[in-house]
Amino acid sequence: MTTLLQQQGSANLWERFCQWVTSTENRFYVGWFGVLMIPTLLTATICFILAFVAAPPVDIDGIREPVAGSLLYGNNIITAAVVPSSNAIGLHFYPIWDAANLDEWLYNGGPYQLIVFHFLLGIFSYMGREWELSYRLGMRPWIAVAYSAPVAAATAVLLVYSIGQGSFSDGLPLGISGTFNFMFVLQAEHNVLMHPFHMLGVAGVFGGALFSAMHGSLVTSSLIRETTETESQNSGYRFGQEEETYNIVAAHGYFGRLIFQYASFNNSRALHFFLAAWPVIGIWFASLAVACFAFNLNGFNFNQSLLDSQGRVINTWADILNRANLGIEAMHERNVHNFPLDLAAGDQAPVALQAPAING
């Protein structure tokens, strides 16, 4: 009898836990994806703060030349970063227990892997949690689909690029200046600016910002007057009201006359789908661009494509960009490589064209 009561009690406890996890009445929806999201994001956040503030220098290139990234080692908020794990580690999984001691783990950049893996699991779970909550509320799943764009971008620069290049030392440093360095090196080695997927990503980000500003300003300019001049116009809206708060006909008429009629949406649903889809598709393509770079599918090469009648090169902007790429490539990791890969890959010129003949 006692055993039966204990089993029922444990079953009831589990059922109550399941109901709490999946309840949409909580102030903060947890969900089954949240059970994974909360510990992984907390772990990544705590480790990031500790590493950003106090981590010792990391031998990122694997040549015993450590790079200091933390605040306590002389950096400021702009220059500080969590330095990627060492090139000596490569793509090996490097948890704390694989190192001989904590000092070795820190020297080889172990915190970077810990942060990146937990962070990626956390944002994947957050995306799943968005879908889960939408499902339980009877909503469509497009919030999670939209969030997949930044998730894909983060995965590309933190994981896919490292895998393609063969080492986590090639991943994105977790800091402001480190991000800029990553962008410069990516451009130098892969000609990012000449890749069509990057161009689509730029169109998505800047176009999305433009369309968002246009939409917000049009709506704000065509609000239905509900207040006096001495009141805030925001007081004219009541949360949950059924009537429209702005005049879409007026906004459509204004924008149609400003440009031309068919440049303006006359369907609010189509308009908002467009506002969501444009930047999301653009960032998807930007993520695909980084995935291409990971496996050295680089931007277009139009170097020295114009020649005069004498066969001399007429420089284009592609040639000037290529010169900048070579300069950046020559300067980064200067103690690892003697020459940029593009310069070192040519045919070797023999020192002696012909061995001297010895006449006895």
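Just so it is clear, glycine is given a Cβ too, placed from its N, Cα and C backbone atoms.
Among the features that Swiss-Prot reports, transmembrane segment is placed at 29-46, 118-133, 142-156, 197-218, 274-288. The chlorophyll a ChlzD1 binding site annotation in Swiss-Prot covers H118. The site 'Tyrosine radical intermediate' feature in Swiss-Prot is assigned to Y161; the stated evidence is sequence analysis. Under the heading site 'Stabilizes free radical intermediate', Swiss-Prot lists H190, citing sequence analysis as support. According to Swiss-Prot, the chlorophyll a PD1 binding site annotation covers H198. The Fe cation binding site feature in Swiss-Prot is assigned to H215, H272. If you look up Swiss-Prot, you'll see H215, S264, F265 marked as quinone binding site, on the strength of sequence analysis.
Ranking the binding-site residues H118, H198, H215 by Cα distance from H190 (site 'Stabilizes free radical intermediate') puts H198 first. Those same-chain residues not listed among H215, S264, F265 yet with C-beta within 8 angstroms of the centroid of the quinone site C-beta atoms are M214, L218, A251, H252, F255, L271.
Residues 251, 254-255, 271, 274-275, 278-283, 285-289, 292, 299 of the same chain, all 6+ positions outside the transmembrane segment (197-218), place their C-beta atoms under 8 angstroms from a C-beta of that stretch.
Below 8 angstroms of C-beta separation, residues 142, 145-146, 148-150, 152-153, 155-156, 197-198, 200-205, 207-208, 211-212, 215, 265 of the same chain, each at least six residues beyond the ends of the transmembrane segment (274-288), sit close to that stretch. Residues listed for quinone, H215, S264, F265, cover a largest CA to CA span of 11 Å. Spatially, by CA atoms, the binding-site residues H118, H198, H215 include one closest to F265 (quinone binding site), and that is H215. For H215 (Fe cation binding site), the nearest of the recorded positions by C-alpha distance turns out to be S264; the candidates were H118, Y161, H198, S264. Applying an 8 A CB threshold to same-chain residues 6+ apart, the list for S264 (quinone binding site) reads A251, H252, F255, G256.
For H272 (Fe cation binding site), the nearest neighbour among the listed recorded positions (H118, Y161, H198), judged by C-alpha distance, is H198.
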